[in-house]
Structures are given as structure tokens and as C-alpha cells.
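Database features, via TrEMBL:
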type	residues	note
ACT_SITE	Asp61	active site, for OMPdecase activity
ACT_SITE	Lys63	active site, for OMPdecase activity
ACT_SITE	Lys63	active site, proton donor
ACT_SITE	Asp66	active site, for OMPdecase activity
BINDING	Asp12, Lys34, 61-70, Thr121, Arg182, Gln191, 211-212	substrate binding site
DOMAIN	6-227	domain 'Orotidine 5'-phosphate decarboxylase'
Amino acid sequence: MPTTSPIIVALDFPEVNAALELAQALDPGKCRVKVGKELFTSAGPAVVESLQNKGFEVFLDLKFHDIPNTTASAVRAAAELGVWMVNVHASGGRRMMEACRDILERRGGKRPLLTAVTILTSLEHEDLQEVGVDIEPMVQVQRLARLTQDCGLDGVVCSAREAKALRGALGDDFLLVTPGIRLADSAADDQKRIVTPAQAMENGSSYLVVGRPITRADHPCAALDGILATL
Ligand SMILES: O=C(O)c1cc(=O)[nH]c(=O)n1[C@@H]1O[C@H](COP(=O)(O)O)[C@@H](O)[C@H]1O
């Protein structure tokens with residue numbers, strides 16, 4: 001039975017053993033897990049299967065961003081791995097996102113949830129300005145989220161700071177996957193648009209992606225339990 005927990009633990013480790021050791025200690029009834037660029041590049045698709053064999057649903061976070069044909073083919077390859085969720089960058093545009101949606105529909109069978117990253121939670125207004133997007137993150141996130149919904153994807157990755165506005169504008173069924181989760185007393189690290197777990201849920205997040213506050217804690221399982229207790 002899939003878990004009803006909103007927590008997705010980001011297994012950002014340089015090699016497979018560290019990731020599987022933590023997964024072994026975690027309870028798949030209490031969280032899902034995320035395999036990102038670091039772990040996937042070092043460990044390859046086999047790590048996804050190992051995590052699935054331990055009972056976890058896996059979010060494959062490779063944030064595909066390329067021409068439509070290349071991106072859609074990568075999404076199909078992710079679907080072949082049987083992952084629960086896969087993501088692309090919304091800034092890849094309409095034709096890219098529609099190609100991804102279409103390839104999953106044509107493939108049939110059990111398909112992963114398809115989400116699109118809006119504006120990375122590590123970015124703030126000044127960062128956007130420097131790359132020529134001279135507007136507040138909130139405005140650009142809303143624009144990309146509307147486009148994502150229009151392209152028929154299942155949801156977006158955004159900061160929980162934007163979740164309340166998006167929930168109101170895009171309805172209850174659209175998934176809001178929110179990284180940049182930090183406890184009141186934890187370090188922000190490289191994240192800028194951060195929100196506490198309880199506030200993120202109150203704002204309407206569907207899933208909270210939590211990495212270092214759990215994986216770097218002295219007792220990761222206790223850290224996860226502590227977060228769940230605040231929700
Ligand atoms: O797509 C993601 O998961 C993602 C999008 C985003 O905007 N910000 C973001 O931090 N992430 C991922 O979420 C995780 C956050 O990890 P921590 O900052 O350690 O909690 C990392 O694995 C990031 O790659």
C-alpha cells in the first residue's frame with residue numbers, strides 16, 4: 001500500500017551504499033524517497049530498483065530540460081524504471097512539456113506522475129534579474145505553473161512560499177511539490193525560499209521534499225518522526 005505521508009526524503013549522497021544504508025533505516029510507510037542528479041550519476045538506474053525492492057516509491061529528480069524529442073524520450077526511459085514521479089523544467093516550454101505528457105499517454109500502462117520545476121528554491125529576485133528575468137519569483141512561478149497545468153502535467157515543483165497562491169489559482173488536484181523545507185532552527189544552506197514543514201502544509205503543499213534536515217541529522221529517523229509530528 002502506498003504511503004499517505006507527504007514527506008519525500010532527498011537521498012543526495014555521492015555513492016550508493018550511503019543512500020541504501022539510510023533507506024534501510026527509513027520506513028517506507030513514513031516517506032517516499034528522491035533520487036537526484038548526484039546519486040543517479042554515480043549509481044545509475046540500479047539504485048532505483050534497489051530502493052523499490054525496499055518498498056519505497058521513488059521520485060526520479062533529474063529535472064530534464066532539452067529539446068522536446070530528447071526530453072520526452074528521457075521521460076519514457078524514466079517510466080520504464082517504474083518510478084512514482086519524474087520531473088522536467090517548465091522553462092523548457094510548452095512543446096517540450098506536451099511531448100513529455102504525450103509520450104506517457106501513448107506508452108499506456110502505469111505511468112509516473114509528471115511534474116515541472118518552476119523556479120528553483122535556491123533562487124531569489126536578484127538571481128532572476130541577472131539571467132534576464134526581472135520579476136519576483138512569485139510572478140514567474142505562477143506563470144510557469146499555469147503553463148504547466150495547461151500542458152496537462154500533474155503538478156509543479158515550487159517553493160511552499162508560492163503554494164497558497166497556486167493552490168487558489170490552480171485547484172485542489174494540481175500537485176505542489178515543495179523543496180526548500182527547513183525547521184525554524186535549521187541552516188538554510190544554499191536554499192533561499194524556505195518554509196517550515198507545518199507552514200508548507202498549511203499553505204497547501206502536496207509533498208514536502210526534505211534532504212539535509214533529515215539526511216545530515218545525527219538521527220535521521222528521529223528527524224523524520226519529528227517533522228511528521230509537526231504536521
Ligand atoms: O526538484 C527538486 O527536487 C528541487 C527543486 C528545487 O527548486 N529545489 C530543490 O532543492 N530541489 C531538490 O530538493 C532537495 C532539497 O534538499 P535539501 O536542501 O537538502 O533539503 C535537493 O535534492 C534538490 O535537488
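In case you wondered, yes, glycine gets a Cβ from its N, Cα and C as well.
All TrEMBL annotations are machine predictions without curation.
Among the recorded positions Asp12, Leu62, His65, Asp66, Thr121, Gly211, the residues whose Cβ sits under 6 Å from any atom of ligand 1 are Asp12, Thr121, Gly211. The highest number of surrounding Cβ atoms within 10 Å, among the recorded positions Asp12, Asp61, Asp66, is found at Asp61. It is 14 Å from the Cα atom of Thr121 (substrate binding site) to that of Asp61 (active site, for OMPdecase activity). Take the CB of Pro68 (substrate binding site) and look out to 10 A: across all protein chains shown you find 18 other CB atoms. Looking at Gly211 (substrate binding site) and Asp61 (active site, for OMPdecase activity), their Cα atoms lie 13 Å from each other.
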